[in-house]
Amino acid sequence: MRELVVLGTASQAPTRARNHNGYVLRWDDEVILFDPGEGSQRQLLHTTVTATDLTRICVTHFHGDHCLGLPGTIQRLSLDRVPHPVAVHFPAGGADYFARLRHASSFHETAELAVEPIGADGQRIALRRGTLEARRLRHPIETYGYRLVEPDGCRMLPERLAAYGIAGPAVGEVQRVGHLDLDGRRVTREEVSVPRPGQRFAFVMDTGLCDGVYALAEHADLLVIESTFLESEAALAAEVGHLTAAQAARVAAESGVRRLVLTHFSQRYADTRRFADEARAHFDGDLVIAEDLTTVQVPPRRVPSDG
Ligand SMILES: [Zn+2]
């Protein structure tokens with residue numbers, strides 16, 4: 001199952017309609033909490049995600065709307081006796097903030113956190129299937145965006161394997177080696193499989209336009225990106241290190257993004273339809289204006305092109 005669960009969509013301060021920022025990505029056996037703002041623990045209760053489901057927490061930077069939910073969420077891991085270690089990533093320069101948030105109040109700590117700060121642009125963390133990669137973004141404090149990259153693979157076709165009489169460990173061998181010699185005849189992987197394009201998810205928060213934004217967004221099947229402002233505030237956006245809806249949409253269009261999720265809206269805008277209007281002028285793929293407590297599917301795997 002691969003989907004995004006939106007916990008909150010407000011930048012800076014929550015509104016009556018929008019909780020502080022917060023997102024969960026379900027990606028096979030990984031359930032990753034991104035940027036838990038204030039109130040994230042309670043927002044989780046309104047979704048099908050539990051604290052026990054979480055395998056990893058990724059924080060882009062230590063502004064409050066991206067991290068004030070850490071104390072409650074971390075304490076909840078212990079309260080619920082989460083049995084597995086939960087990995088945590090955040091900018092290494094913010095280690096003091098993390099230490100304070102982690103131990104913001106007294107609690108009986110039983111959950112195990114596997115803390116692995118991000119200390120360099122391009123840092124990679126190996127997952128069971130694919131890679132989590134951090135890229136430096138442009139914001140007044142140290143900020144990293146994240147992307148998940150699944151390598152291209154192939155899907156074995158049972159009926160073809162059966163036709164060649166390939167079974168058991170031989171299936172793994174032809175998949176791994178690329179061919180198999182059977183009674184004097186060589187069967188290639190291509191004869192018994194079809195290509196399976198890897199999928200990509202990107203999470204870009206709090207940044208002015210920079211190389212890191214494009215590096216993360218490249219060929220993303222699902223891109224979650226901040227669009228704090230509209231064009232009318234473009235100068236302000238540039239000054240404070242944020243994106244407009246139009247900029248985010250242009251990034252998506254130029255990067256071959258398939259499904260674009262805009263979020264992290266300034267509380268100055270009561271009506272988010274204008275974000276869709278301004279983005280639509282630049283991006284003609286799937287466009288989602290994020291709302292709290294909604295779910296966005298990662299689009300179905302791309303169909304491999306011939307040849
Ligand atoms: Zn920020």
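Sequential numbering from 1, following the chain as shown.
Glycine too: its Cβ is placed from the backbone N, Cα and C atoms.
Automatic, uncurated: that is what TrEMBL annotation is.
Here TrEMBL flags 17-106, 194-265 as domain 'Metallo-beta-lactamase'. Residues or ranges marked as Zn(2+) 1 binding site by TrEMBL: H61, H63, H139, D206. Feature annotation from TrEMBL assigns Zn(2+) 2 binding site to D65, H66, D206, H264. According to TrEMBL, the feature active site, proton acceptor maps to D65.
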*For the recorded Zn(2+) 2 site formed by D65, H66, D206, H264, which further same-chain residues have Cβ atoms within 8 Å of the site's Cβ center?*
S11, Q12, N21, D35, G37, T60, H61, H63, M205, E226
*Counting across all protein chains shown, how many other Cβ atoms sit within 10 Å of the Cβ of D65 (Zn(2+) 2 binding site)?*
24
*Run through the Cβ atoms and count how many others sit within 10 Å of the one on H66 (Zn(2+) 2 binding site).*
24
_I'm trying to understand the geometry here, so how far is the Cα atom of D65 (Zn(2+) 2 binding site) from the Cα atom of D206 (Zn(2+) 1 binding site), in Å to the nearest whole number?_
10
*In this predicted model, what is the average pLDDT of the domain 'Metallo-beta-lactamase' (17-106)?*
97
*By Cβ count within 10 Å, point out the most packed of the binding-site residues listed: H61, H63, H139, H264.*
H264
*Checking the binding-site residues H63, D65, D206, H264: which ones have Cβ within under 6 Å of ligand 1?*
H63, D206
*Residues near the Zn(2+) 1 site, H61, H63, H139, D206 excluded, by Cβ within 8 Å of the Cβ center?*
T60, F62, H66, L137, P140, I141, T143, M205, T207, G241
*Spatial neighbours, same chain, of D206 (Zn(2+) 1 binding site) - Cβ under 8 Å, 6+ residues apart*: T60, H61, H63, H66, L137, H139, T143, E226, T228, G241, H242, H264
*When DSSP states are grouped into helix, strand and coil, how many residues of the domain 'Metallo-beta-lactamase' (194-265) land in each?*
27 helix, 22 strand, 23 coil
